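According to Swiss-Prot, the features are:
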ACT_SITE  498  active site
BINDING   497, 501, 504  Zn(2+) binding site
MOD_RES   664  N6-acetyllysine
TRANSIT   1-37  transit peptide
């Protein structure tokens, strides 16, 4: 689902607090106030610390702000005739790197620390720094010097990436309203600060939510014993079930008691309902107002300007066309699910209401998979112990991309369950970066799956390269006595997807931090990781990823073939649900006065054909709305058009473990980071314009 980038340069990929991008440039002679931070930017080192106390976080936040502001103040007073590439554009890159690295240590702990006070201090630091980012991004004096540089320097003598950096700086200055009258700029600045705080609070509420429900063993009917044994028991000999993914989805997929599923679904989609509904009611109009002041019709128009889709009309056409193509498939899948429900109600003596409720969907989609393809995910997960999956995943990525991974002994980490790996180029031995694996749920931890970019891979002032550092943060089930953590196949797919983002972060080799890693268009950022999901549907790859946790015997070929064949199961309803979320996101960001819960309910009925549960407000739990995907959730489906085209035209055709194709992918898609437009990278790889054929086929549709 989601990557996150925590620097001031980046918006978030999946969820988490919204980041205002620090886009201004600074002069080289102004760099001295940050020399104390030079130890954080040594080439080939991971310089991140995870042991800061709440007081240290607060102190270092103020120090970072003071040091950086002094630099901006100096740059803002450079005489225009003295502005050069060297004292403006180049030094910006130096200072951005230092700022990013320090900021990461201050704002990342809110997502992963086990200490509530550290998380609180980190959240406050994030808010404070986000306000500061906005102040600095709207410094007209610095912007004037960037504009003057563009007008006076010989652009032909500047490297292409530096020229792109300059152009993007001008573009972002205008998108911040620096060309507008003073009173308008002040209004925009004030609203942006408020928007930033609202986004951080929205996702903090979700991360800190600790709602749980209590059920008897009978109320958890049909759930496997190992799952029930893993639950915390109450004094009344009942079981505590949280709303975290490792609890929620097994209950929704396997529990045969409709009332239990209803209670879980109701609770899941009313998480933070009161506070986050209020936040959305403030956030959406603020976004709309800022867009209007900047000259855009809607907030969606504002954000799409920088994406490959370019316009709301292109997005609407894409979603509506796909919805119509999937409509017959969705109807057929709903009819089959209703037949399953009717039959089960008769067998179990339940009242049959003649409809699919929201709490029925996962349950009967799971039954569909088991009946049509003889795939039982609960039994299948015994072949996916996390150690075996991790070993296989790392092996595949190393072979495919020409890399080697080495686990770091006694690594400095934020929790004892976290591991750290170093990534090297297999041919040259060059260290490219490091990544953390944080695999299990904890109280207060970010509760979805994401890749966080922590340290940018870019050039330093002395011309050496800072290595990239990323963290893969997921929430797989904890190991229990006598049994390791076992992954469902969809969790294996999630693991592959998020690790694809990690590889994008590590393999990018850019000059500027602004273009490092996953800093590409939001509707292109999922392309590399989605493409790599295809490996978990390949029989040979699955053999590398699996082994029974008890005796080590492999999955039978027959079961592997059934699993691969099941890829198309429920694809109509699953894709229609993505369209629902995309349409809701677009609607709320083209008409901020709409009621979010009502809009979601409308599209659930019209497109998915399954009504939302009355009293719930799914958008209040939808972290993407406040996490950098505002007006851009369509990007998941949009980018899958590109990822499927790449896979089927190159990897499927020439061999999915073909090292030449893997290196071509690494060099043409991953290595440029955001230094090239996404569509240019794609066409370089495909040697043609992309098309939808492979994507439509992956959805069980006729490509013609």
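Count begins at 1; order follows the chain as displayed.
A Cβ is built for glycine as well, from the same backbone N, Cα and C atoms used for every other residue.
Feature map: Swiss-Prot annotations on the structure.
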| residue | record | DSSP (3 states) |
| --- | --- | --- |
| 497 | Zn(2+) binding site | helix |
| 504 | Zn(2+) binding site | helix |
| 664 | N6-acetyllysine | helix |
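There are 16 other CB atoms within 10 A of the CB of residue 664 (N6-acetyllysine), with all protein chains counted.
Note on the binding-site residues 497, 501, 504: the fewest other CB atoms within 10 A surround the CB of 497. Between the C-alpha atoms of residue 497 (Zn(2+) binding site) and residue 664 (N6-acetyllysine), the distance comes to 19 Å.
Its own atom aside, the Cβ of residue 498 (active site) has 24 Cβ atoms within 10 angstroms in the protein chains shown. For the recorded positions 498, 501, 504, a Cα to Cα distance of within 10 angstroms from residue 664 (N6-acetyllysine) holds for none.
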